[in-house]
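This report concerns only the one structure given below.
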Amino acid sequence: GGHEWKKLILTQHWPPTVCKEADSCRDSLDYWTIHGLWPDKGEECNRSWHFNVDEIKDLVPDMKIYWPDVIHPSSNRTQFWRHEWEKHGTCAAQLDALNSERKYFGKSLALYKQVDLNSMLLKFGIRPSVNYYHIADFKDALTRVYGVVPKIQCLPPQQDEQVQTIGQIELCFTKEDLHLRNCTEPGEQLSAKQEAWLAEGAAAQGMAVCEDGPVFYPPPAKTQR
């Protein structure tokens, strides 16, 4: 009962922002990448179900592109996937559609390609820039394209900075049929424990839900791949 969850959260992050918080980082990536596919509650639902990279061998080429470990050097690449599987995948596995490592990572990649966040933002003229956007620019574009309300997280201003930096975008899906849904429903109250759990994933990278107002969408520090 403690692991009962209601929705899935496809979390994508912006590598240049993630890299502001970390050393030895792949900040040259110029596209949104997958952070994870998270049930909205529960973690490490089955601690005996360990990650085995051989089960997703055919997915690895796509995983390296769309689900890279932005923070750690490439030699340790599978560590990030192991973490996401053991913390979140073992809970998502309650669903038949996600009840194996192969299905969990395969479906995550499929949803990432389906929402096509990178192309969608470009379509609305939202591209990395030294000029600031307004957080409403992102919210309005996302809501118009997807018909649902996303959750957007930012890195608060650091010393000497005037504005927050966009870092993470969450799009939510129904548990029943993996259709897009609002990330919060009107009047939906999360328990304090759920709120804390959802905040933890962003807080680990120093992020919080964006404030209304200007926002920086940083270009990559280096553009070579």
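Cβ from N, Cα, C; glycine included.
Annotations in TrEMBL come from automatic prediction, not curation.
Among the features that TrEMBL reports, active site is placed at His35, Glu84, His88.
The Cβ of Glu84 (active site) has 22 other Cβ atoms within 10 Å, all protein chains considered. Counting in whole angstrom, His35 (active site) lies 11 from His88 (active site) by their C-alpha atoms. Around His88 (active site), the C-beta neighbours below 8 angstroms that are at least 6 residues distant in the chain are Gly36, Leu37, Trp38, Pro39, Glu43. Summarising the environment of His35 (active site), the number of other Cβ atoms within 10 Å of its Cβ, over all protein chains shown, is 24.
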